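Notes follow the structure.
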Amino acid sequence: MIKVQGPVVLYQDGVREARRRQSLRARYAYGLIFFATNLLAWFVRDYGAKLLRGLHHVPVCGAGDSKCFQSGGVLRVSLGCFIFFWVMFVTTFGARKLHEVRNSWHSGCWVMKFLVYAVSIVIPFIIPNIFIQLYGEIARMGAGVFLLLQLISMLHCISWCNKRWMPDSRSNQCGLFGLFLSTISFIASFAGIAVLYVLYISNSSCLFNIFTITWTAILVKIMMAVSLHSKVNEGLLSSGIMGLYIVFLCWSALHSEPQTGKCHTQMKIAKDGDWATIVSFIIAICAIVMATFSTGIDTRSFQFRNDEVQLEDDVPYSYQIFHIVFAMGAMYFAMLFINWELNHPTRKWSIDVGWASTWVKIINEWFAASIYVWRLISPVILRKQAANNEELVPRTLTV
């Protein structure tokens, strides 16, 4: 006997689907808010002292002072963005069902949230500078946490690609697309390393760049060898994508070196026209937003249990994780705009340039490669320890 859905059931399904679509669309609205905040931080840093003269009348800014501009201005805008997304984190914490008020608050009420955002941005410009400096110290740690979250999201994406496209012994899939991607990834990785040698090693005195690029090539080979080991048998796709990622981090680290060095040959091309600097600056801002957005929407990577079955009336993603990632992203973009230096002046139309930025990216590269290799070998080590424990149990019983 076939059951026919009544009008009430159909209406409830329609409302539920509309709420789900509204929740998914809300992610892009938050992404636009984050993008606009990045532009505001850049504007306050580079042009705020000339165009925002009204801030000189604010007591904490002072006439002729730069506490609300340059690095201080970036930190204040970042703090405002952090406050907004922290408020959203607190007010949406624990949201599970689409019919809850917290879901309606997350997905709608944009006029009210705009007022909350405006108040959050204004508050940091009226509090004493000592609190801004304290936030700057905390933002360094928060930016590090964001890089860790980004790495977890990256590893989760690599694992998903490996399971989807690589051949499985239990299925009839040939995995041609996965093998094609693996080949392309490794070719691109080693080609990228060759390009880095050309761009950033102009002479034999560039020892730091030689070591950094060479060690990156060694890390790519180590990851490939470990993933192909008979006891690991991970395949080439995951190590290929991870190789591309650490080559990108190596390039980003070398690109952040101060432009005064003779080894930074790429800047000779950029000096021919200001348009190259502007384009690279815009690309850098878009990269910050995309990194934060992609990490924020990948909420399943940060859940302790990924085997839970999602019901029809469940929220499509974790709101609290989404907002806390954006809050950490606010700290991250602050560090990039001020080059990880709290009181150091920055050059106009520049992002993430300086030795501090270079070392942060190099350490992030080495840490990412270490975590990936440990992720490959840890199951083998745990299985070996479990086998040893099973062998010891009969011996202890016979004594």
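Cβ atoms here come from the backbone N, Cα and C positions, even for glycine.
So that you can see what the record holds, here are the features copied from TrEMBL:
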- 28-45: transmembrane segment (TRANSMEM)
- 74-93: transmembrane segment (TRANSMEM)
- 114-135: transmembrane segment (TRANSMEM)
- 141-162: transmembrane segment (TRANSMEM)
- 174-201: transmembrane segment (TRANSMEM)
- 207-228: transmembrane segment (TRANSMEM)
- 235-255: transmembrane segment (TRANSMEM)
- 275-297: transmembrane segment (TRANSMEM)
- 317-338: transmembrane segment (TRANSMEM)
- 358-377: transmembrane segment (TRANSMEM)
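Within the chain, the transmembrane segment (358-377) has long-range Cβ neighbours (under 8 A, six or more residues past its boundaries) at 147, 151, 154-155, 212, 216, 219, 222-223, 226-227, 232, 234, 239, 242, 245-246, 249-250, 252-254, 256-257, 335, 340. Contact between the transmembrane segment (275-297) and the transmembrane segment (141-162) is supported by 3 or more Cβ pairs under 8 Å, counting only residues 6 or more apart in sequence. Long-range neighbours of the transmembrane segment (141-162) within the same chain, counting only residues 6 or more positions beyond its ends whose Cβ lies under 8 Å from a Cβ of the stretch, are 82, 178, 181, 234-235, 237-238, 241-242, 245, 291-292, 294-295, 298, 300-302, 325, 327-329, 331-332, 334-335, 340, 360, 364, 367-368, 371-372, 375. With a threshold of 8 Å between CB atoms, the same-chain residues lying at least 6 positions outside the transmembrane segment (235-255) that come near it are 154, 158-159, 161-162, 165-166, 178-179, 181-186, 188-189, 192-193, 196, 199-200, 209, 212-213, 216, 219-220, 223-224, 226-228, 264, 266, 352, 357-359, 361-362, 364-365, 368-369, 372. A contact between the transmembrane segment (28-45) and the transmembrane segment (174-201) is absent, since fewer than 3 of their C-beta pairs, 6 or more residues apart, lie under 8 Å. If one looks beyond the transmembrane segment (114-135) by at least 6 residues along the same chain, the residues whose Cβ comes under 8 Å of a Cβ in the stretch are 33, 37, 40, 55, 58, 60-61, 67-68, 72, 75-84, 87, 342.
Counted as Cβ pairs under 8 Å, contacts with the transmembrane segment (317-338) are highest for 74-93 among 74-93, 174-201, 207-228.
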